[in-house]
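Structure first, then comments.
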Amino acid sequence: MTDYKATLNLPDTAFPMKAGLPQREPQILQRWDSIGLYGKLREIGKDRPKFVLHDGPPYANGKIHIGHALNKILKDMIVRSKTLSGFDAPYVPGWDCHGLPIEHKVEVTHGKHLTADRTRELCREYAAEQIEGQKTEFIRLGVLGDWDNPYKTMNFANEAGEIRALAEMVKQGFVFKGLKPVNWCFDCGSALAEAEVEYADKKSQTIDVAFPVADADKLAAAFGLSALAKPAAIVIWTTTPWTIPANQALNIHPDFKYALVDTGERLLVLAEELVESCLKRYNLEGSVIATAQGSALELINFRHPFYDRLSPIYLAEYVELGAGTGVVHSSPAYGEDDFVTCKRYGMVNEDILTPVQSNGVYVESLPFFGGQFIWKANPAIVDKLSEVGALMHTETISHSYMHCWRHKTPLIYRATAQWFVGMDKQPSTGEPLRERALKAIEETKFVPAWGQARLHSMIANRPDWCISRQRNWGVPIPFFLDKQTGELHPRTVELMEEVAKRVEQEGIEAWFKLDAQELLGDEAGQYDKITDTLDVWFDSGTTHWHVLRGSHDIGHATGPRADLYLEGSDQHRGWFHSSLLTGCAIDGHAPYRELLTHGFTVDENGRKMSKSLGNTIEPQKVNDTLGADILRLWVSATDYSGEMAVSEQILQRSADAYRRIRNTARFLLSNLSGFDPARDLLPAEDMLALDRWAVDRTLLLQRELEEHYSEYRFWNVYSKVHNFCVQELGGFYLDIIKDRQYTTGANSVARRSCQTALYHISEALVRWIAPILAFTADEIWQYLPGERNESVMLNTWYEGLSELPADAELDRAYWDRVMAVKAAVNKELENQRTAKVIGGNLQAEVTLFAEEGLTADLNKLGDELRFVLITSAASVVPFVQAPADAVTTEVEGLKLKVVKSGHAKCGRCWHFRADVGSHPEHPEICGRCVDNLNGSGEVRHYA
């Protein structure tokens, strides 16, 4: 018996079936490094249009988590897809290095006794060490970038650039010194940015406090009375008893109605709408004897409950009727609205009472409560109010309250002398900053679109930006202030440039060790050199200045504006926000053209990731068990516009999908064995109809994928590539071509046509997956036939695909109908296999009973219809001849019948044919196989 296996063109490739990604990926990384892949990309991109995705810097502290991995992979997929789209897309990774968390780490490790200089030195060392660890982890994810030369906000050039950015804003008149309430953390001993504030539930003691009237005659007149018959008081409600010692005014709404209520012993002023609820709370009975519009009570004085001073009525529209009494007590040092209202009524900074120190303790000189920590003083204040007869009611409530993101402790608003960027301050030229920023938001593209309204709302309502901090590890605010007037030195901008030059050489230490005389000469004695540092959001918020046109000048043809900023949705109040403000202040426009926001990771049940819940996914562990490409595939498959679910089970599903894509690639490569495109590639017009369709289908899909990539819709890319591999290729085309690929002559047109199609598909597919499966695509690239450069990334989307001619007889619609027929036949073949009627599809002979139009279509394939259906015989009969036992299908106008072939099985192609054994020299094989072995070979036209 002859062994015909050796006569077949069996698939062969060294491309491994088992990916072994955890072991293979580090080897691929080494190869990228050894060939200098990133440098080569910059070289080939010199004459291309530029696309700049500017990296929002992660904080240089700790190991990377799944959110970091998600963010960097998304960025890498964009950079890679833009590169393949013909752009020069540099990617410079960066790190945020200054700020309290690092300073806090150093204090915990080394103690709080350190000098400021030593603190900065240790902070710099710590940040550098953290960056190296994170860098290794980011590279392991397959992220292509300038890792040898990243930007760091602590690099001397960047620190100097930040000072220059501040100088620009000073020059344009945006920066001012002011006493304003800012978010203050006692543990940090510093002001906090809006982005450093989080909200959590807090138990607070609420109090209703009566302030006795001082201007009794005015109060009577306001209510239309000739005199007050009894003592009178106005009642406030607050959740912050500790602010009562700093009370300086009372706020009511000008448009609300206020009532004078007789409660027997005294008269109370309350909002008319709240009289009933207040009396019930105070366990009092009373009647309204008069009402007045809020505006009528303006500037009437009341007395502080336990200090000898007056509290006038100021009108304020922020007062609400949702809770309390309709009267708000005002401590301008400890509330934003309080401060604004008191300033509007002419209160000067020097008159604002600030009894709470930076550590949360009242100054010693404060009567009754000096030296007490404010939270602990609350009961004493309540007791004092009760003692003087001012306490109407007290209870404890739980409410959402602002906390420090780092220490998780409650914050307060605290008025301190700080440096601000004014939102509504008129600059030297152009519109105020708020106006510029709101206009810039309208000019920016947002993905998803809802981000625009969110950022607009934040900018429209935000206060002035407090940019100063009282910390050691930060870029200095290099100002000299006149000791007499407190004003900036008249040559401030010029002096800042001198400081920047020194910082460029020595880092921020240059400012802190600078002798003022060195810059000011004889004037030095007249000025104070300040020690405040900049908010870290100013560090990262000015990277468009000190990175994109500084340390890593991108040379963008349309200026230093980045094409894209991409971060998590929390950055609407963080990096997107601070960058927008500095960009609009310095340049008059946003530093980005487009903002892309991704959601946060949650587990499969939608719960937030947390170590206490045990539901965290560590990217390092995924790399070591499944491989980074699996993590990348998960990122691509998930719609990032909302929360992104990830778990071990979800990643396992990604691994299953990966195997299907890898197996498809392996099938393609193994069937290109012996194929040399320079020698064997057929022109489109010489290819078989099915092969031309496969290439055309690939071209159509490539057009869709290019559009999805350009819109950053990676989940669409993933689903369409996966479906293409599983359905159009695996479920249709690749199954059909096996017979032709294996059994026809090695150099026959039938086989070379098929290999030409497989080659085109492979060249396209390897590029499609390159932005997502970065490692696997480059691995496939090494196994593809023909001469090629060192990496798939050194190319653009494949241009060798051809379209079906417009007049093709077997057009796209034709093959869609054939696919539907094949699906119907497959369904019945499966039924027959399950019923044990046939052992395999090739043991079947199928008769198709078709309506006239479908009959004509199917007959176009002639005898090759059986190869498409992968049966040993296929015939088409008019629909009306269908017997009663013919199976009705989902295809309109089609019934079919499958029977087991009564013929012998060919020992070479495994088809069951009547002519098996008809050739005496080859008694075990069919006539077609004999012709393929010894004759001119079978001729195929279609499939």
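Here the Cβ of each residue, glycine as well, is placed from N, Cα and C on the backbone.
Remember, predicted model here, so these are calculated numbers, not experimental data.
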The residue range that Swiss-Prot labels motif ''HIGH' region', out of 58-68, 102-112, 795-805, 850-860, is 58-68
Matching 238-242, 253-257, 503-507, 608-612 to Swiss-Prot annotations, motif ''KMSKS' region' lands on 608-612
Would you please pick out, from the binding-site residues CYS906, CYS909, CYS926, CYS929, the one with the fewest other Cβ atoms within 10 Å of its Cβ?
CYS909
Positions whose Cβ lies under 8 angstroms from the motif ''HIGH' region' (58-68), at least six residues beyond its ends:
95-97, 99, 101-102, 105, 127-128, 130-131, 133-134, 137-138, 152, 568, 600-601, 609, 616-620, 646
CYS909 (Zn(2+) binding site) to GLU567 (L-isoleucyl-5'-AMP binding site): how many Å between their Cα atoms?
56
Around the C-beta of LYS611 (ATP binding site), how many further C-beta atoms are within 10 angstroms, looking at every protein chain?
7
Check: same-chain CB within 8 A of Zn(2+) site center, minus CYS906, CYS909, CYS926, CYS929:
THR743, GLY907, ARG908, TRP910, HIS911, ARG913, VAL916, ILE925, GLY927, ARG928, VAL930
Using DSSP, how many residues of the motif ''KMSKS' region' (608-612) fall into helix, strand and coil, respectively?
0 helix, 1 strand, 4 coil
Determine the Cβ neighbour count for GLU567 (L-isoleucyl-5'-AMP binding site): the number of other Cβ atoms within 10 Å of its Cβ.
20
In whole Å, note down how far the CA of LYS611 (ATP binding site) lies from the CA of CYS929 (Zn(2+) binding site).
65
